[in-house]
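Enquirer: The structure is given below, and queries will be raised subsequently.
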């Protein structure tokens, strides 16, 4: 094979992926789709530029226009999230968490996070960014019935451990965390309160779910490509939570600590997404939550065991389903079958699963944010639930269901809640 043929093959696979994705029902809770305007920014000449440091205080020349875009971004993000500071330089949510752990913690300091099985993100773990900083990781007590942090036990834990940092948020996140209840206790013992909003940033922007910075969080970290429908990247939003020296340590941890150049084409895409969310975010977030609830209810009616019935199933973009009663391999069996039918989601540990079941966990994690952005509403959620029933409960051939999924998805090819297409119109 010639090198040109390698080039052609790569471009072919990209084209095939884009075609395939546009004909599937993507329910991965950590993904989304960007608007044409954002795509233009990400594919721009900003990808060739390097910038280090703050706008107007760069270590490289030639940043005149980059600086203007980043300053607009700081203005829009602080307005959107009512924060005192917005740092667009982290290149991912994990990178943002890494900066916070390195900026505010020292090796041996205690941090309380959500356990992986309970929905905590890997960057919070001893084997992730927290552990890399040398932090002593403790996990929140968890209440299986409410699918949330146990407030009474957590309050006791904070007082006993006197941690340096407490972290709310995670990757399995159907219900708001008790920030309002526990932040005052954390501050009594001198802890910094961090909220990992990676999954729910777009919901927070639209006034749904919860408002961490008003409920007591000092710092909010996030990725920018889940319910916040931007390019892959990160952001740190925070209040004037400490003295200038402490805030300077956080900023120093970002650059030169864990970020050099901050991928300026993605930064520009984040800025346009912030403008889209200021214009359309309220409507988008509201419809995401409506769709998640509608999908959860429809799945329950179809015979699935949906988690959180007593709490209304979900208050976020996520729907959690226990499929262990359908097959011993649970999500490890269900997710590949659904992929054959053109329904893309991921297997997921549930709080009662041991870590050893990571490849055959009980659950499926479902997110509706991308299908909401292409214009789907509550009625479409019922159809999706029925497709899933046909594959997993009725044991219909996934290839047969795939044909129906293909034609169903053909009707939803525009990216709404954007300046390109505006709001979807319900017929």
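Indices start at 1 and increase along the chain as displayed.
Just so it is clear, glycine is given a Cβ too, placed from its N, Cα and C backbone atoms.
What Swiss-Prot records for this protein is below:
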| type | residues | note |
| --- | --- | --- |
| BINDING | 120, 121, 122 | (6S)-5,6,7,8-tetrahydrofolate binding site |
| MOD_RES | 226 | N6-(pyridoxal phosphate)lysine |
| SITE | 225 | site 'Plays an important role in substrate specificity' |
Enquirer: Identify, in sequence order, the residues in the chain of residue 122 ((6S)-5,6,7,8-tetrahydrofolate binding site) that are 6 or more apart from it along the sequence and have a CB within less than 8 Å of its CB; answer 'none' if there are none.
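Expert: Long-range Cβ contacts: 94, 116, 128.
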Enquirer: Which residue, out of the recorded positions 121, 226, shows the minimum number of other Cβ atoms inside 10 Å of its Cβ in this structure?
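Expert: Comparing Cβ neighbour counts within 10 Å for the recorded positions 121, 226 gives 121.
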Enquirer: Expressed to the nearest Å, what is the distance separating residue 121 ((6S)-5,6,7,8-tetrahydrofolate binding site) and the residue listed as 'N6-(pyridoxal phosphate)lysine' at their Cα atoms?
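Expert: Answer for this pair: 14 Å between alpha carbons.
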Enquirer: Under a three-state reduction of DSSP output, how is residue 122 ((6S)-5,6,7,8-tetrahydrofolate binding site) classified: helix, strand, or coil?
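Expert: SS state of residue 122 ((6S)-5,6,7,8-tetrahydrofolate binding site) = helix.
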Enquirer: Do you know offhand how many angstrom separate residue 120 ((6S)-5,6,7,8-tetrahydrofolate binding site) and the residue listed as 'N6-(pyridoxal phosphate)lysine' by C-alpha?
Expert: 16
